[in-house]
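Taken verbatim from TrEMBL:
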- 31-54: transmembrane segment (TRANSMEM)
- 60-79: transmembrane segment (TRANSMEM)
- 150-169: transmembrane segment (TRANSMEM)
- 175-196: transmembrane segment (TRANSMEM)
- 272-298: transmembrane segment (TRANSMEM)
- 318-343: transmembrane segment (TRANSMEM)
- 355-375: transmembrane segment (TRANSMEM)
- 395-420: transmembrane segment (TRANSMEM)
- 432-459: transmembrane segment (TRANSMEM)
- 479-501: transmembrane segment (TRANSMEM)
Amino acid sequence: MERFAFKGVASNLVTYLTDVMYMSNSSAAKFVNTWVGFTSMLPLIVATLADSYWDRYTTILASSVLYAAGLLALTSTAVKWPWNPTAKKHSILSLSWSLYMISLGQGGYNPSLQAFGADQLENEEELPRTNNNNNTEEPKKDKKSLFFQWWYFGICCGSLMGVSVMSYIQDTFGWGLGFAIPTFSMIASILMFLCGNRFYKHKHKRNEDGNFFEDIVRSIKSTVSKLVNGRNNGIEYTKVELELQEKDLCNNQDEVIQQEEERVNPLRDAKIILRLLPVWIMLLMFAVIFQLPVTFFTKQGMAMKRNIGNFKFEIPPAALQSSITVSIIVLMPWYDTFFVPLVRIFTRNEKGISVMQRMGIGMFLSVVAMIIAAITERKRMEIGKNNGEQLLSIYWLLPQYILLGISDIFTVVGMQEYFYSEVPVRMRTMGIALYTSIFGVGSFLSALLISVIEFLTTSKETHDNWFSDDMSKARLDKYYWFLAFTSAISLLAFVIFCRFFRERK
């Protein structure tokens with residue numbers, strides 16, 4: 001329901017900015033990318049506070065209320081009030097204020113909710129067992145992997161409704177109703193979350209673990225102490241050694257490993273997070289491509305034939321984004337049913353492929369999607385020049401949308417599992433925030449690329465550029481080729497890195 005609310009606003013926002021707020025194509029794209037980037041970056045800050053001072057349940061409730069308040073404010077800017085019918089309904093300031101309030105709410109909501117959901121399986125996921133008859137290990141069922149996969153399947157169902165239904169309502173019945181429906185759905189989701197309270201497993205924070213900021217201070221003090229005294233913190237190691245001596249290492253080895261995993265060790269935690277940065281950087285170009293459906297893909301659709309046969313009904317350009325979620329919903333079950341068993345024959349991996357391989361396949365598919373998008377855009381321009389009008393059907397955009405949907409099944413789900421599993425247990429909300437921050441920085445990077453390319457390609461005589469408002473003069477095909485090339489370089493670097501990367505045990 002939260003995804004329905006967010007996509008109901010974000011998927012068609014570029015149309016609202018160009019048709020109602022009268023922004024240029026490039027300005028509207030940069031506005032949307034900046035807002036999405038800010039929204040995706042906020043979890044890094046809020047997750048740190050949630051891991052340090054708050055519990056996840058409280059964070060979910062507080063942020064969801066702020067989220068709903070932002071949606072209410074957004075709706076009020078699009079409604080023409082009866083007591084003041086002549087007043088100007090829209091302003092950039094009021095629109096920005098309401099949108100960034102939504103960002104603040106989502107900053108705490110998404111990472112905390114996903115980590116809270118994964119926590120519900122923590123006591124059910126068993127460690128590998130030993131069979132007493134033949135002393136061979138039984139492979140465990142990776143419930144966390146299934147959780148992240150079906151979590152993404154679930155939010156895609158909500159996104160599908162938000163993209164397809166809300167874009168039609170906004171284009172047909174107006175923006176007031178188009179923003180009011182997502183608002184009420186978010187309020188309903190809060191009530192549903194409260195109704196399930198008695199079923200949840202609450203993981204309360206332990207005071208003795210301290211918090212993230214205290215860990216940093218403790219780490220600095222420990223480092224200084226080692227440099228000055230020339231010795232390790234003997235008290236801490238002595239305590240660990242005494243605990244290990246009191247335990248039967250053969251019978252309680254799993255328990256000891258789990259306790260060591262939960263023990264505060266700031267230096268170890270910092271090293272683990274730093275080792276994730278190369279993957280984080282190499283996924284940025286995938287995140288840039290991820291922003292195209294809500295910006296330039298939608299503008300492409302507005303310049304194409306949108307009628308269904310001879311009917312007067314026209315497909316809303318933003319509704320084509322639903323093909324991404326439909327492809328995910330349809331093909332996600334096939335991943336476990338057909339793809340994994342087939343690949344397992346060759347790889348002999350219980351999951352079929354590793355998390356790193358899964359992300360790499362998705363990155364490759366995104367490069368292919370950009371190549372197809374560039375060819376399609378070139379064809380659209382050629383037909384428009386030959387016939388004097390844009391006659392190419394909007395259905396020609398479906399392959400690039402569907403390919404991005406398939407790439408999401410591989411890369412996005414893999415990213416969620418990777419950044420959740422590769423951080424310490426105590427900082428898993430931060431791990432989810434690292435994953436979302438990729439799309440945040442990717443959005444800012446996309447806005448920066450648009451500004452730079454717009455500056456470099458603007459003609460002094462005609463003032464046209466690659467992102468011209470006149471789609472017959474725009475050169476989005478060149479922009480797509482540029483993204484395909486840079487993404488291919490990122491993919492090559494990712495493949496080289498994977499040869500030397502070892503998963504965290």
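Using the three backbone atoms N, Cα and C, a Cβ is placed for every residue, glycine included.
These numbers come from a predicted model, not from an experiment.
Long-range Cβ contacts of the transmembrane segment (272-298) within its own chain (Cβ-Cβ under 8 Å, at least 6 residues beyond either end) map to 10-15, 25, 28-29, 32-33, 36, 317-318, 320-321, 324, 359, 362-363, 366, 369-370, 373, 397, 400-401, 404, 407, 411, 415, 418-419, 422-424, 427, 430, 434, 437-439, 441-443, 445-446, 449, 467, 476, 479, 483, 486-487, 489-490, 493-494, 497, 501, 504. The transmembrane segment (395-420) and the transmembrane segment (60-79) are not in contact, since fewer than 3 Cβ pairs between them lie under 8 Å (pairs 6 or more apart in sequence). Beyond the transmembrane segment (60-79), the same-chain residues lying 6 or more positions past its ends with a Cβ under 8 Å from any Cβ of the stretch are 2, 5, 9, 46, 89-91, 94-95, 97-109, 112-113, 116, 174-176, 178-180, 182-183, 186-187, 189-190, 193-194. Beyond the transmembrane segment (432-459), the same-chain residues lying 6 or more positions past its ends with a Cβ under 8 Å from any Cβ of the stretch are 26, 29-30, 33-44, 46-48, 110-111, 114-115, 273, 276, 280, 283-288, 290-291, 295, 415-416, 418-420, 423, 465-467, 475, 479, 482.
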